[in-house]
Amino acid sequence: MAHLGRLMVPLAALVLLLWAVPGAHGRRNNVRVLTDENWTSLLEGEWMIEFYAPWCPACQNLQPEWESFAEWGEDLEVKVAKVDVTEQTGLSGRFIITALPSIYHCKDGEFRRYVGPRTKKDFINFVSDKEWKNIEPISSWFGPSSVLMTMMSALFQLSVYIRTSHSYFVHDLGIPAWGSYLVFAFATVLSGLLLGLCMIFVADCLCPSKRRKPQQQYAKKTSPEFSQPLKKVEEEQEADEEDVSEEEAEDREGASKATSQSSIRQRCVGLPSATDTS
């Protein structure tokens, strides 16, 4: 029995030691992990999000404070999350992460960047005292859910895909670097041609070109408002034409009279000369 009692003492000490070690007894992790697939859950409720990288020393120093702050999440009615920018490049593009670690506060779809001290106490006061109201929210044009940031996210993901493909071509397939560049150049030209054809097809469907019809002469229909002035103008033109025709007729009559008188005079002058010769 004495020998058994001696064995129980070290065993009990070992159990207590393991229980005292953080995480050894299945400690719950209250920090949620966000990805490109589930990030839309940020648009509902109140959130505190940390953007970090495993290789960042400042991010490593922040982790204990962030996990301690996450334990107060249920009491503060705030959800605490983190994003690994090395794996979730799309999210880093949506938020335009330029420094690590970066912390954002989100309340019902409004995003604000946290710029205060990075301790558990400061995080708690920031949420409980609603200090986030003193910070101007990010414009909807540059919000993570905007069209512009969606395109930025796609651009970040495309850059990672190109880099991964280049590494696969060079290291796994043994293609020279210049050969990989030629592949990407050909793919770029081909995608540009396909995109141009698609745009032309869409434009033709939305705005079809009208076929030109042969021009036909149609009778002009005038409104009653302009019919009376037009009639007056036509009557004046007809009157002017009549005046001109009358003047021309008078001139012709005068000319004919003059010619007849001159011919009579010539005859009268010619008669005595004939008698004299007789």
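Quick reminder: no glycine exception, Cβ is built from N, Cα and C everywhere.
According to Swiss-Prot:
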DOMAIN    27-132  domain 'Thioredoxin'
TRANSMEM  182-202  transmembrane segment
COMPBIAS  217-226  compositional bias 'Polar residues'
REGION    217-278  region 'Disordered'
MOD_RES   S245  phosphoserine
MOD_RES   S278  phosphoserine
Please give the sequence-distant neighbours of the transmembrane segment (182-202): residues at least 6 beyond its ends with Cβ less than 8 Å from one of its Cβ atoms.
162, 165-166, 169, 175
How many helix, strand and coil residues does the domain 'Thioredoxin' (27-132) contain under DSSP?
41 helix, 26 strand, 39 coil
Taking all residues of the domain 'Thioredoxin' (27-132) together, what is their mean pLDDT?
91
